[in-house]
Structures are given as structure tokens and as C-alpha cells.
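Pulled from Swiss-Prot, these are the features on record:
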- 7-27: transmembrane segment (TRANSMEM)
- 81-101: transmembrane segment (TRANSMEM)
- 111-133: transmembrane segment (TRANSMEM)
- 137-154: transmembrane segment (TRANSMEM)
- 165-185: transmembrane segment (TRANSMEM)
- 204-224: transmembrane segment (TRANSMEM)
- 263-283: transmembrane segment (TRANSMEM)
- 288-308: transmembrane segment (TRANSMEM)
- 315-335: transmembrane segment (TRANSMEM)
- 346-366: transmembrane segment (TRANSMEM)
- 382-402: transmembrane segment (TRANSMEM)
- 406-426: transmembrane segment (TRANSMEM)
Amino acid sequence: MKSVRYLIGLFTFIACYYLLPISTRLLWQPDETRYAEISREMLASGDWIVPHLLGLRYFEKPIAGYWINSIGQWLFGANNFGVRAGVIFATLLTAALVTWFTLRLWRNKRLALLATVIYLSLFIVYAIGTYAVLDPFIAFWLVAGMCSFWLAMQAQTWKGKSAGFLLLGITCGMGVMTKGFLALAVPVLSVLPWVATQKRWKDLFIYGWLAVISCVLTVLPWGLAIAQREPDFWHYFFWVEHIQRFALDDAQHRAPFWYYLPVIIAGSLPWLGLLPGALYAGWKNRKHSATVYLLSWTIMPLLFFSVAKGKLPTYILSCFAPLAMLMAHYALLAAKNNPLALRINGWINIAFGVTGIIATFVVSPWGPMNTPVWQTFESYKVFCAWSIFSLWAFFGWYTLTNVEKTWPFAALCPLGLALLVGFSIPDRVMEGKHPQFFVEMTQESLQPSRYILTDSVGVAAGLAWSLQRDDIIMYRQTGELKYGLNYPDAKGRFVSGDEFANWLNQHRQEGIITLVLSVDRDEDINSLAIPPADVIDRQERLVLIQYRPK
């Protein structure tokens with residue numbers, strides 16, 4: 001009976017966090033709009049080999065993540081939930097692997113359930129796991145690969161070991177097809193310390209080639225297909241997207257070595273109080289094979305990405321699966337022996353909630369700021385933000401009422417965030433970061449446009465997805481579409497600022513021409529170097545400028 005209650009509680013938890021509130025949040029640009037539009041175009045064109053964005057070749061990532069996203073939109077429609085369905089599914093599958101692996105290590109159902117709940121409620125997991133990017137997919141394949149390797153190394157027969165390594169190769173292959181060759185480097189680095197300390201080199205060398213073969217066979221069909229269709233794909237993807245992105249001096253998203261320290265601290269909420277103890281307990285019990293495996297799995301990818309020049313918070317998502325298991329194991333021991341860390345965790349959550357309440361007041365219309373984040377007419381959004389932090393503080397307090405028993409309720413600290421964040425985004429943010437909001441405000445003007453031009457790839461993708469058209473033209477800036485625009489068949493998909501007046505004269509009689517520009521808040525749109533327009537509609541950071549046939 002208790003198991004049934006636990007399952008009902010888990011499914012209710014998942015529904016409140018990962019299902020019910022998702023449609024209330026508009027898509028963010030540039031990431032969510034980009035991946036939404038790539039998958040929409042894949043479904044519309046039926047081309048499941050070559051990824052396209054705005055009808056242009058888009059070689060920044062391989063294909064597998066787009067497949068899953070496309071299936072999500074195919075099943076649930078071209079809506080906010082459909083766009084995010086793939087990442088939510090991947091996150092829940094990863095949580096299922098956390099459950100299975102914890103059971104495999106400790107044979108404790110309560111511990112497995114707690115590890116799962118901790119994982120799903122970690123701030124970084126929830127933030128990325130409900131956000132339409134490719135990182136939850138690669139995190140799933142990496143976690144699946146680590147589970148497969150453990151399964152192989154614990155097997156007692158050659159059949160079991162062979163099956164485990166074959167499965168490892170498949171997960172690595174799918175990882176390569178999702179985000180590239182990092183799916184090979186990260187698992188290898190993660191297992192090496194464990195293999196070395198356990199002296200398991202023999203099994204690795206005897207059976208490792210099976211993983212290599214299954215990985216190659218997994219990638220080969222699509223790899224050959226895209227090489228035949230687009231011979232330049234692999235050169236661009238390997239050199240630009242791997243070497244330049246991570247290693248060279250001009251790497252994308254450059255950041256210092258310590259970049260991930262605040263990411264781990266913030267990402268560990270609402271379980272931050274368990275982080276030091278979980279890592280220390282893991283190190284203290286390093287003679288235990290499973291603990292060494294989890295520690296290595298957590299730390300090695302973190303060190304790898306810290307050394308790399310290019311960094312983003314999403315890169316270390318897979319590290320939080322083993323960390324959640326270590327936290328759950330440590331929390332049960334602490335509840336039984338010394339609940340100090342659990343009390344500290346409760347106070348951290350109270351402090352975070354109270355700080356959020358104060359910060360919300362400071363940036364509200366009634367605070368001391370001359371330019372508040374919310375305007376007076378957005379009062380309900382301020383109250384939503386207050387509710388988010390009030391619930392966080394409340395559940396932090398509740399965990400302290402009987403800490404040995406109530407500490408798991410820290411998982412409910414982000415409940416207000418999950419349910420209300422979509423209702424608390426300020427209009428000034430929505431107008432620049434949510435193209436859907438702009439489209440809703442200007443739908444009647446946009447719909448009949450013969451040509452639409454914009455200077456932002458993220459906005460272009462949002463317009464294309466919302467309007468169900470992939471012929472948006474880039475104006476002045478090419479951004480990440482620069483490579484695709486270099487192909488001969490992309491001629492006419494970019495108009496420079498100097499060419500715009502002539503281009504306008506040539507095409508004006510064909511129908512309404514709409515220009516959507518991103519501007520600074522204090523920028524005078526009358527000073528823009530463009531021909532006089534028939535219509536100008538400014539929505540804070542985005543401006544609709546329209547030219548009608550003469």
C-alpha cells in the first residue's frame with residue numbers, strides 16, 4: 001500500500017512539474033525557436049537526413065535530436081508542449097535510469113525513489129529539462145552509456161559483458177548523432193579512474209571493441225546518407241563545431257576555468273546543503289566500487305569541460321545524475337545519524353526564498369528602482385513572483401519541522417517556480433525574448449506579408465514557426481546562418497543594409513514587405529537608416545516596419 005502511495009505521489013510530482021505547466025510558457029529565442037523551427041521544417045519537408053533552418057542548410061548539430069523533437073511536434077502538434085515534449089521525455093527517461101541504477105547499486109527502493117525525486121527537482125535539471133534544447137538528449141545517452149558500462153563490467157558471463165558493451169556502443173553512437181564526438185570523450189574520461197582503481201583493464205580491452213563496432217554501425221547509415229547528400233557536412237561539423245567551439249583561442253562561449261562552480265551551486269538547489277557532504281562521503285567511502293564510479297562520473301566530465309575554453313551551463317547536465325544518487329544516499333545516512341546537513345539545507349532554502357521575496361520587491365513598481373522590471377499594470381506578475389519565492393521559503397521551513405522525516409519535502413521548493421514562472425515573465429522581457437508574444441500583437445500585419453525580413457536569427461525562427469513559413473529573409477546580419485547562406489541556392493535569402501533600398505524598389509510591387517528589427521530600449525527608430533515606411537509598430541525591443549505596394 002505504501003508503494004502505491006509513493007507511485008501516486010511520484011506521478012503527481014511529475015505532472016505538476018513536467019506536464020501541466022509547460023504550455024503556459026512561451027518559447028524563448030534563440031534556442032527554443034531555433035529547434036522548434038528546424039523540427040517543423042523537417043516534418044513539413046519530409047527530409048529526415050539534412051537539417052534545415054529557414055530553408056537553409058544548418059550543420060551545427062547532427063540529426064538525432066531533431067528527430068525526437070519532430071516526433072514531439074508530430075504527436076502533440078506545433079505548440080509549446082509539442083516543442084518541449086522531446087526534452088521532457090528524455091529527462092524522464094534519464095530519471096528512470098537514475099531509479100534503475102540506484103536500485104542496482106544499493107537494492108533499496110526508498111533510496112531509488114529519493115534519488116529520482118532529487119534528480120527531477122534539481123534546479124539545473126528542471127530548467128534545462130523543460131527547455132527545448134538538445135542537451136537533455138545527450139544527457140540521456142551519456143547516462144544510458146554509463147549504466148551500460150556498469151552493467152557490462154558487473155556481468156559474470158561473456159554474453160552479459162558482450163551485451164553491455166554493445167549497448168554502450170549504441171548509446172555512444174546515438175550521442176554522436178545528437179551532439180557530436182563529445183559523446184565519445186565524456187564516457188571514456190568518466191570510467192577511466194574507476195577502471196584504473198578497480199584494475200579492470202582486461203575486460204575493457206577484451207570487450208571494448210564491441211562498443212566501437214556497435215557505435216560505428218549506429219552512426220554509419222545516417223553518416224553515409226548525409227555525406228552523400230552534403231559532402232561538406234562532416235568537415236564543417238568536426239572542425240568548426242568541435243575544434244573551434246571548444247579548444248581554439250576564439251572558441252565560442254569562452255569562460256574562465258572556475259565557470260562551473262557557481263553553476264553547480266545554483267544548479268544543486270533545493271539540495272545545495274547536501275552537496276558538500278555527498279561529495280565528501282563519496283570520497284571517504286572510495287574503497288566502495290560503486291561510490292568510486294559515481295564520483296568519477298560526476299567529477300571527470302566537470303574537469304573536462306572546465307579545461308575546455310568554450311563553456312555553457314548545459315554541458316554538465318549529465319553530471320547531476322550520479323550527483324543525485326550520491327545526495328540521496330548521503331541524505332538517508334544523515335537523517336539516521338546526524339541531520340545537520342539536512343537542517344542546513346532547509347535554512348538555505350528559506351534564505352533563498354526570503355532573498356527572492358526581497359529582490360522581487362526591489363525590482364517591482366513599488367521598489368526603489370527608477371526603471372522597475374515590472375510595470376504597474378503587471379502587478380499580478382509581481383504577485384506570481386512573490387508566490388514562487390514564498391512557496392520556496394515555506395517548504396524550506398517545513399523541512400525543518402521534523403527534519404529526520406520531512407527533509408524530502410525540499411523537492412517541493414521549486415513547485416511555485418514550475419507552476420507560475422510562465423505567468424511572471426515581465427512584458428519587457430517577453431517583447432524581446434518571446435517572438436510568439438510579438439506575433440500575437442502584430443498578427444494582422446504579419447500574416448499578409450509577401451516578404452518578411454529580420455536582423456535576428458532567433459526572431460526569424462520564431463516568426464517562421466509561428467507563421468508556418470520558412471522564407472524569412474535575413475537583414476544586415478547572418479548570425480549562425482552564415483554558412484548556410486554561402487551556398488549558391490541560398491541567393492536572395494540575405495539583404496545587407498546598403499542593399500536594402502534597391503532591393504525594396506525591386507520587390508515592393510510584389511506585395512507587402514515587412515521588416516522586423518531588434519532595437520535598444522532607448523534607440524530612436526526615426527534615426528534608422530531605412531527608407532520611409534508606411535507603418536511602424538514598436539513593441540519595446542522589436543519594431544515592425546512595413547512597406548506597401550505603390
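In case you wondered, yes, glycine gets a Cβ from its N, Cα and C as well.
Here the structure is a predicted model, which means the values were calculated and not measured.
In summary, the transmembrane segment (288-308) does not lie against the transmembrane segment (204-224): fewer than three C-beta pairs, each 6 or more positions apart in sequence, are under 8 Å. Beyond the transmembrane segment (204-224), the same-chain residues lying 6 or more positions past its ends with a Cβ under 8 Å from any Cβ of the stretch are 49, 62-63, 152, 161-162, 164-170, 172-174, 176-177, 184, 195, 234.
Packing against the transmembrane segment (382-402) from elsewhere in the chain are residues 270, 342-343, 345-357, 360, 364-365, 374, 408-410, 412-417, 420-421, 423-424: each is 6 or more residues past its ends and has a CB under 8 Å from a CB in it.
Here the transmembrane segment (263-283) has Cβ contacts under 8 Å with residues 118, 121-125, 291, 294-295, 298, 302, 313, 316, 320, 323, 326-327, 329-331, 333-334, 341-349, 352, 392, 395-396, 410-411, 413-414 of the same chain, all six or more residues outside its ends. Remote same-chain partners of the transmembrane segment (165-185), defined as residues 6 or more beyond its termini with a Cβ less than 8 Å from a stretch Cβ, comprise 61-65, 134-135, 137-138, 141-142, 144-145, 148-149, 151-152, 207-208, 210-219, 222, 237-238, 241-242, 304.
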